[in-house]
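Per TrEMBL, these features apply:
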type     : residues               : note
DOMAIN   : 24-304                 : domain 'SAM-dependent MTase RsmB/NOP-type'
BINDING  : Asp136, Asp163, Asp180 : S-adenosyl-L-methionine binding site
ACT_SITE : Cys233                 : active site, nucleophile
Amino acid sequence: MEEVLKINRPFYERYSQLDEREEFWNLLLTPLRQSIRINTLKAPLDYIKARLEERYELEPIPWVKEGFFINTQEFGNMMEYSLGLVFPQEASSMIPPVVLDPKPGELVLDMAAAPGAKTTQLAQLMKNDGCIIANDMKKWRVNVLIANLNRFGVLNTRVTVKDGVYFKRFENTFDKVLLDAPCSSVGMIRKSFKFLNDWSMRKVIMYSNIQKKLILAAYKALKPGGILVYSTCTVDPFENEEIVDYLLRKTDAKLERIDLPLKSTPPVLEFGGKKYSEEVKKCLRLHPQDNNTEAFFVAKIRKP
Ligand SMILES: C[S@@+](CC[C@H](N)C(=O)[O-])C[C@H]1O[C@@H](n2cnc3c(N)ncnc32)[C@H](O)[C@@H]1O
(Lines of atoms letter the chains of each structure in order from A; the text may use other names.)
(Lines give C-alpha, C1' and ligand atoms only; values in the text may rest on other atoms or scores of the structure.)
Protein backbone atom coordinates (compact mmCIF):
# COMPACT_ATOMS: atom_id res chain seq x y z
CA MET A 1 0.00 0.00 0.00
CA GLU A 2 2.81 2.38 0.99
CA GLU A 3 4.39 1.70 -2.37
CA VAL A 4 1.20 2.58 -4.26
CA LEU A 5 0.76 5.77 -2.25
CA LYS A 6 4.27 6.85 -3.16
CA ILE A 7 3.85 6.14 -6.86
CA ASN A 8 0.29 7.34 -7.46
CA ARG A 9 -1.74 8.80 -4.59
CA PRO A 10 -4.97 9.53 -6.58
CA PHE A 11 -4.96 5.89 -7.68
CA TYR A 12 -4.74 4.74 -4.08
CA GLU A 13 -7.44 7.13 -2.92
CA ARG A 14 -9.88 6.04 -5.62
CA TYR A 15 -9.47 2.28 -5.34
CA SER A 16 -9.29 2.10 -1.56
CA GLN A 17 -12.98 3.08 -1.79
CA LEU A 18 -13.55 0.11 -4.09
CA ASP A 19 -11.83 -2.66 -2.15
CA GLU A 20 -10.41 -2.14 1.32
CA ARG A 21 -9.16 -5.69 1.74
CA GLU A 22 -5.42 -5.90 2.27
CA GLU A 23 -5.14 -8.82 -0.18
CA PHE A 24 -6.45 -6.52 -2.93
CA TRP A 25 -3.38 -4.30 -2.59
CA ASN A 26 -0.98 -7.20 -1.97
CA LEU A 27 -2.11 -9.14 -5.02
CA LEU A 28 -2.37 -6.05 -7.22
CA LEU A 29 1.40 -5.67 -6.86
CA THR A 30 2.43 -9.36 -6.90
CA PRO A 31 3.86 -10.67 -10.21
CA LEU A 32 1.46 -12.91 -12.12
CA ARG A 33 1.63 -16.68 -12.36
CA GLN A 34 2.54 -17.60 -15.91
CA SER A 35 -0.11 -19.37 -17.92
CA ILE A 36 -0.54 -20.74 -21.44
CA ARG A 37 -3.32 -21.85 -23.73
CA ILE A 38 -2.71 -24.97 -25.79
CA ASN A 39 -3.52 -24.40 -29.46
CA THR A 40 -5.65 -27.30 -30.67
CA LEU A 41 -5.74 -25.87 -34.21
CA LYS A 42 -2.31 -27.39 -34.75
CA ALA A 43 -2.27 -30.64 -32.76
CA PRO A 44 -4.43 -32.55 -30.24
CA LEU A 45 -4.53 -31.21 -26.67
CA ASP A 46 -3.23 -34.41 -25.06
CA TYR A 47 -0.29 -34.63 -27.44
CA ILE A 48 0.92 -31.07 -26.75
CA LYS A 49 0.25 -31.42 -23.03
CA ALA A 50 2.25 -34.66 -22.81
CA ARG A 51 5.18 -33.03 -24.65
CA LEU A 52 5.19 -30.10 -22.24
CA GLU A 53 4.88 -32.32 -19.16
CA GLU A 54 8.20 -33.94 -20.02
CA ARG A 55 9.85 -30.62 -19.06
CA TYR A 56 7.36 -28.47 -17.12
CA GLU A 57 4.77 -28.64 -14.40
CA LEU A 58 1.27 -27.84 -15.67
CA GLU A 59 -1.71 -26.99 -13.47
CA PRO A 60 -5.13 -26.88 -15.16
CA ILE A 61 -6.97 -23.54 -15.19
CA PRO A 62 -10.46 -24.52 -13.97
CA TRP A 63 -12.41 -22.25 -16.35
CA VAL A 64 -10.79 -23.21 -19.66
CA LYS A 65 -10.07 -26.72 -20.84
CA GLU A 66 -7.03 -25.73 -22.90
CA GLY A 67 -5.52 -23.41 -20.24
CA PHE A 68 -2.71 -24.26 -17.81
CA PHE A 69 -0.50 -22.49 -15.29
CA ILE A 70 3.10 -23.34 -16.14
CA ASN A 71 6.35 -23.05 -14.17
CA THR A 72 8.37 -21.15 -16.77
CA GLN A 73 8.58 -17.63 -18.15
CA GLU A 74 11.07 -18.62 -20.83
CA PHE A 75 9.32 -18.95 -24.16
CA GLY A 76 12.16 -17.85 -26.43
CA ASN A 77 13.73 -21.32 -26.45
CA MET A 78 10.51 -23.31 -26.19
CA MET A 79 9.95 -25.31 -29.38
CA GLU A 80 6.18 -25.56 -28.78
CA TYR A 81 5.99 -21.77 -28.60
CA SER A 82 7.97 -21.27 -31.82
CA LEU A 83 5.69 -23.76 -33.56
CA GLY A 84 2.53 -21.99 -32.39
CA LEU A 85 1.41 -24.92 -30.23
CA VAL A 86 1.13 -22.79 -27.09
CA PHE A 87 0.01 -19.19 -26.58
CA PRO A 88 1.24 -17.45 -23.40
CA GLN A 89 -2.00 -15.84 -22.19
CA GLU A 90 -3.11 -14.58 -18.80
CA ALA A 91 -5.60 -16.96 -17.16
CA SER A 92 -8.40 -14.38 -16.70
CA SER A 93 -7.99 -13.12 -20.27
CA MET A 94 -9.15 -16.57 -21.45
CA ILE A 95 -12.60 -15.93 -19.94
CA PRO A 96 -14.28 -13.66 -22.56
CA PRO A 97 -14.01 -16.15 -25.48
CA VAL A 98 -15.27 -18.95 -23.19
CA VAL A 99 -18.30 -16.79 -22.28
CA LEU A 100 -18.91 -15.79 -25.92
CA ASP A 101 -18.79 -19.49 -26.87
CA PRO A 102 -18.61 -19.09 -30.67
CA LYS A 103 -19.53 -22.14 -32.74
CA PRO A 104 -18.13 -23.44 -36.04
CA GLY A 105 -19.91 -21.72 -38.93
CA GLU A 106 -20.80 -18.51 -37.08
CA LEU A 107 -19.97 -14.95 -38.11
CA VAL A 108 -18.04 -13.26 -35.29
CA LEU A 109 -16.77 -9.70 -34.84
CA ASP A 110 -13.70 -9.19 -32.62
CA MET A 111 -13.86 -5.41 -32.47
CA ALA A 112 -10.57 -4.64 -30.64
CA ALA A 113 -8.52 -7.70 -31.49
CA ALA A 114 -4.78 -6.97 -31.44
CA PRO A 115 -2.47 -8.68 -30.55
CA GLY A 116 -4.87 -11.58 -31.02
CA ALA A 117 -4.81 -13.69 -27.85
CA LYS A 118 -8.60 -13.85 -27.90
CA THR A 119 -8.95 -14.01 -31.71
CA THR A 120 -6.81 -17.15 -31.79
CA GLN A 121 -8.87 -18.59 -28.92
CA LEU A 122 -12.11 -17.78 -30.78
CA ALA A 123 -10.77 -19.52 -33.92
CA GLN A 124 -9.86 -22.52 -31.77
CA LEU A 125 -13.39 -22.72 -30.34
CA MET A 126 -14.80 -22.40 -33.90
CA LYS A 127 -12.45 -25.15 -35.15
CA ASN A 128 -11.26 -22.74 -37.87
CA ASP A 129 -14.74 -22.79 -39.44
CA GLY A 130 -17.10 -19.84 -40.00
CA CYS A 131 -15.63 -16.35 -40.10
CA ILE A 132 -14.08 -13.88 -37.65
CA ILE A 133 -13.66 -10.22 -38.54
CA ALA A 134 -10.67 -9.26 -36.39
CA ASN A 135 -10.42 -5.49 -36.16
CA ASP A 136 -8.13 -3.04 -34.41
CA MET A 137 -7.59 0.66 -34.84
CA LYS A 138 -3.81 0.63 -34.42
CA LYS A 139 -1.87 -0.46 -37.48
CA TRP A 140 1.33 -1.45 -35.64
CA ARG A 141 -0.69 -3.68 -33.30
CA VAL A 142 -2.48 -5.21 -36.29
CA ASN A 143 0.89 -6.35 -37.65
CA VAL A 144 1.41 -8.37 -34.47
CA LEU A 145 -2.16 -9.68 -34.75
CA ILE A 146 -1.52 -10.92 -38.30
CA ALA A 147 1.77 -12.56 -37.25
CA ASN A 148 -0.04 -14.37 -34.41
CA LEU A 149 -2.87 -15.53 -36.67
CA ASN A 150 -0.29 -16.99 -39.05
CA ARG A 151 1.78 -18.65 -36.36
CA PHE A 152 -1.25 -20.19 -34.66
CA GLY A 153 -2.69 -21.61 -37.89
CA VAL A 154 -5.84 -19.46 -37.88
CA LEU A 155 -7.57 -19.74 -41.27
CA ASN A 156 -11.06 -18.31 -40.71
CA THR A 157 -10.20 -14.66 -40.05
CA ARG A 158 -10.31 -11.44 -42.04
CA VAL A 159 -8.36 -8.52 -40.54
CA THR A 160 -9.51 -4.89 -40.70
CA VAL A 161 -7.97 -1.63 -39.43
CA LYS A 162 -10.85 0.65 -38.39
CA ASP A 163 -12.19 2.59 -35.47
CA GLY A 164 -14.62 0.06 -33.97
CA VAL A 165 -17.43 2.60 -34.30
CA TYR A 166 -17.27 1.95 -38.08
CA PHE A 167 -19.06 -1.38 -37.53
CA LYS A 168 -22.33 0.25 -36.48
CA ARG A 169 -23.25 0.41 -40.19
CA PHE A 170 -23.46 -3.43 -40.29
CA GLU A 171 -26.71 -3.48 -38.37
CA ASN A 172 -27.99 -6.90 -37.15
CA THR A 173 -25.15 -8.76 -38.92
CA PHE A 174 -22.98 -10.77 -36.51
CA ASP A 175 -23.95 -13.92 -34.56
CA LYS A 176 -21.48 -12.98 -31.83
CA VAL A 177 -19.45 -9.87 -30.99
CA LEU A 178 -16.47 -9.57 -28.65
CA LEU A 179 -15.61 -6.09 -27.40
CA ASP A 180 -12.41 -6.50 -25.39
CA ALA A 181 -12.21 -2.79 -24.88
CA PRO A 182 -9.25 -0.44 -24.61
CA CYS A 183 -9.08 0.49 -20.92
CA SER A 184 -6.97 1.95 -18.10
CA SER A 185 -5.45 -1.54 -17.58
CA VAL A 186 -5.29 -1.61 -13.78
CA GLY A 187 -5.19 -5.41 -14.04
CA MET A 188 -1.92 -5.17 -15.95
CA ILE A 189 -0.07 -3.60 -12.99
CA ARG A 190 0.83 -7.18 -12.06
CA LYS A 191 2.78 -7.30 -15.34
CA SER A 192 4.32 -3.84 -15.20
CA PHE A 193 4.33 -0.89 -12.79
CA LYS A 194 4.17 1.31 -15.88
CA PHE A 195 0.37 0.95 -15.69
CA LEU A 196 0.38 2.29 -12.12
CA ASN A 197 2.63 5.21 -13.06
CA ASP A 198 0.50 6.06 -16.10
CA TRP A 199 -2.91 5.83 -14.40
CA SER A 200 -4.91 9.04 -14.12
CA MET A 201 -8.57 9.94 -13.65
CA ARG A 202 -8.42 11.87 -16.92
CA LYS A 203 -7.56 8.61 -18.73
CA VAL A 204 -10.34 6.69 -16.97
CA ILE A 205 -12.87 9.26 -18.22
CA MET A 206 -11.36 9.25 -21.70
CA TYR A 207 -11.61 5.44 -21.89
CA SER A 208 -15.12 5.49 -20.45
CA ASN A 209 -16.25 7.79 -23.28
CA ILE A 210 -14.61 5.61 -25.97
CA GLN A 211 -16.08 2.44 -24.43
CA LYS A 212 -19.61 3.89 -24.56
CA LYS A 213 -19.27 4.61 -28.28
CA LEU A 214 -17.79 1.18 -28.96
CA ILE A 215 -20.40 -0.78 -27.01
CA LEU A 216 -23.27 0.96 -28.84
CA ALA A 217 -21.65 0.13 -32.21
CA ALA A 218 -20.97 -3.47 -31.12
CA TYR A 219 -24.59 -3.91 -30.03
CA LYS A 220 -25.90 -2.43 -33.27
CA ALA A 221 -23.78 -4.86 -35.32
CA LEU A 222 -25.18 -7.85 -33.39
CA LYS A 223 -27.99 -10.02 -34.84
CA PRO A 224 -31.22 -10.38 -32.83
CA GLY A 225 -30.68 -13.44 -30.62
CA GLY A 226 -26.92 -12.88 -30.77
CA ILE A 227 -24.44 -12.52 -27.89
CA LEU A 228 -22.13 -9.60 -27.17
CA VAL A 229 -19.35 -10.02 -24.61
CA TYR A 230 -17.89 -6.82 -23.16
CA SER A 231 -14.63 -7.13 -21.24
CA THR A 232 -11.84 -5.03 -19.73
CA CYS A 233 -8.73 -5.74 -17.68
CA THR A 234 -9.47 -2.94 -15.25
CA VAL A 235 -11.36 -2.39 -11.99
CA ASP A 236 -12.79 1.09 -12.47
CA PRO A 237 -16.62 1.07 -12.30
CA PHE A 238 -16.66 4.01 -14.79
CA GLU A 239 -15.22 1.59 -17.39
CA ASN A 240 -17.20 -1.47 -16.34
CA GLU A 241 -20.62 -1.35 -14.65
CA GLU A 242 -21.18 2.19 -16.00
CA ILE A 243 -20.68 1.05 -19.62
CA VAL A 244 -23.06 -1.88 -19.23
CA ASP A 245 -25.61 0.27 -17.41
CA TYR A 246 -25.35 2.84 -20.25
CA LEU A 247 -26.08 0.13 -22.86
CA LEU A 248 -29.06 -1.14 -20.83
CA ARG A 249 -30.51 2.38 -20.65
CA LYS A 250 -29.94 3.20 -24.34
CA THR A 251 -31.08 -0.09 -25.93
CA ASP A 252 -33.20 -3.20 -25.38
CA ALA A 253 -30.09 -5.23 -24.37
CA LYS A 254 -30.48 -7.98 -21.76
CA LEU A 255 -27.77 -9.20 -19.41
CA GLU A 256 -27.14 -12.89 -18.81
CA ARG A 257 -25.50 -14.51 -15.80
CA ILE A 258 -22.01 -15.96 -16.20
CA ASP A 259 -21.53 -19.31 -14.56
CA LEU A 260 -17.90 -20.43 -14.33
CA PRO A 261 -15.90 -22.28 -11.67
CA LEU A 262 -14.16 -19.25 -10.17
CA LYS A 263 -14.43 -16.76 -7.31
CA SER A 264 -15.51 -13.19 -7.97
CA THR A 265 -16.18 -9.84 -6.31
CA PRO A 266 -19.75 -8.48 -6.32
CA PRO A 267 -20.29 -5.91 -9.10
CA VAL A 268 -20.53 -2.28 -8.01
CA LEU A 269 -23.99 -0.67 -7.84
CA GLU A 270 -22.88 2.73 -6.58
CA PHE A 271 -19.53 4.52 -6.94
CA GLY A 272 -18.16 8.05 -7.32
CA GLY A 273 -21.63 9.58 -6.97
CA LYS A 274 -23.18 7.33 -9.66
CA LYS A 275 -25.75 4.56 -9.30
CA TYR A 276 -26.20 1.58 -11.61
CA SER A 277 -29.05 -0.80 -12.39
CA GLU A 278 -29.38 -3.90 -10.15
CA GLU A 279 -29.09 -5.87 -13.39
CA VAL A 280 -25.31 -5.30 -13.44
CA LYS A 281 -25.09 -7.82 -10.61
CA LYS A 282 -25.07 -10.42 -13.41
CA CYS A 283 -21.63 -9.25 -14.60
CA LEU A 284 -18.41 -10.92 -13.56
CA ARG A 285 -16.00 -8.69 -11.61
CA LEU A 286 -12.66 -10.28 -10.77
CA HIS A 287 -10.25 -8.68 -8.35
CA PRO A 288 -6.67 -10.00 -8.32
CA GLN A 289 -7.07 -11.81 -5.00
CA ASP A 290 -10.20 -13.74 -6.11
CA ASN A 291 -8.30 -16.32 -8.18
CA ASN A 292 -4.75 -14.94 -8.09
CA THR A 293 -5.09 -13.55 -11.65
CA GLU A 294 -5.17 -10.19 -13.34
CA ALA A 295 -8.19 -8.04 -12.46
CA PHE A 296 -10.91 -8.51 -15.09
CA PHE A 297 -14.51 -7.57 -15.86
CA VAL A 298 -16.82 -9.49 -18.19
CA ALA A 299 -20.45 -8.88 -19.19
CA LYS A 300 -22.58 -11.24 -21.29
CA ILE A 301 -25.27 -9.39 -23.23
CA ARG A 302 -28.07 -10.75 -25.42
CA LYS A 303 -30.01 -8.89 -28.11
CA PRO A 304 -33.66 -9.97 -27.89
C1 LIG B 1 -7.39 -4.78 -24.48
S2 LIG B 1 -6.62 -4.51 -26.00
C3 LIG B 1 -7.20 -5.89 -26.95
C4 LIG B 1 -6.52 -7.19 -26.62
C5 LIG B 1 -6.93 -8.31 -27.56
N6 LIG B 1 -8.39 -8.47 -27.59
C7 LIG B 1 -6.28 -9.62 -27.20
O8 LIG B 1 -6.91 -10.45 -26.52
O9 LIG B 1 -5.13 -9.87 -27.59
C10 LIG B 1 -7.58 -3.20 -26.69
C11 LIG B 1 -7.29 -2.89 -28.14
O12 LIG B 1 -8.21 -1.88 -28.56
C13 LIG B 1 -7.59 -1.16 -29.62
N14 LIG B 1 -8.38 0.07 -29.82
C15 LIG B 1 -8.27 1.26 -29.18
N16 LIG B 1 -9.22 2.11 -29.60
C17 LIG B 1 -9.95 1.45 -30.54
C18 LIG B 1 -11.07 1.79 -31.36
N19 LIG B 1 -11.65 2.99 -31.28
N20 LIG B 1 -11.55 0.87 -32.21
C21 LIG B 1 -10.97 -0.37 -32.30
N22 LIG B 1 -9.91 -0.74 -31.55
C23 LIG B 1 -9.41 0.14 -30.69
C24 LIG B 1 -6.16 -1.01 -29.14
O25 LIG B 1 -5.30 -0.76 -30.22
C26 LIG B 1 -5.91 -2.34 -28.44
O27 LIG B 1 -5.25 -3.22 -29.31
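Each residue, glycine too, has its Cβ placed from N, Cα and C.
Cys233 (active site, nucleophile) has its Cα within 10 Å of the Cα of these binding-site residues: Asp180, taken from Asp136, Asp163, Asp180. Non-local neighbourhood of Asp136 (S-adenosyl-L-methionine binding site): Ala112, Ala113, Ala114, Val142, Leu145, Val161, each in the same chain, at least six residues away, with C-beta under 8 Å from its C-beta. If you take every residue in the domain 'SAM-dependent MTase RsmB/NOP-type' (24-304) and average the pLDDT, you get 97.
Taking each of the binding-site residues Asp163, Asp180 in turn and counting other Cβ atoms within 10 Å of its Cβ gives the largest count for Asp180.
Residues listed for S-adenosyl-L-methionine, Asp136, Asp163, Asp180, cover a largest CA to CA span of 14 Å. In the three-state DSSP reading, Asp180 (S-adenosyl-L-methionine binding site) counts as strand. Excluding Asp136, Asp163, Asp180, which define the S-adenosyl-L-methionine site, the same chain contributes Met111, Ala112, Ala113, Ala114, Asn135, Met137, Lys138, Gly164, Pro182, Leu214 within 8 Å (Cβ to the Cβ centroid), listed in sequence order.
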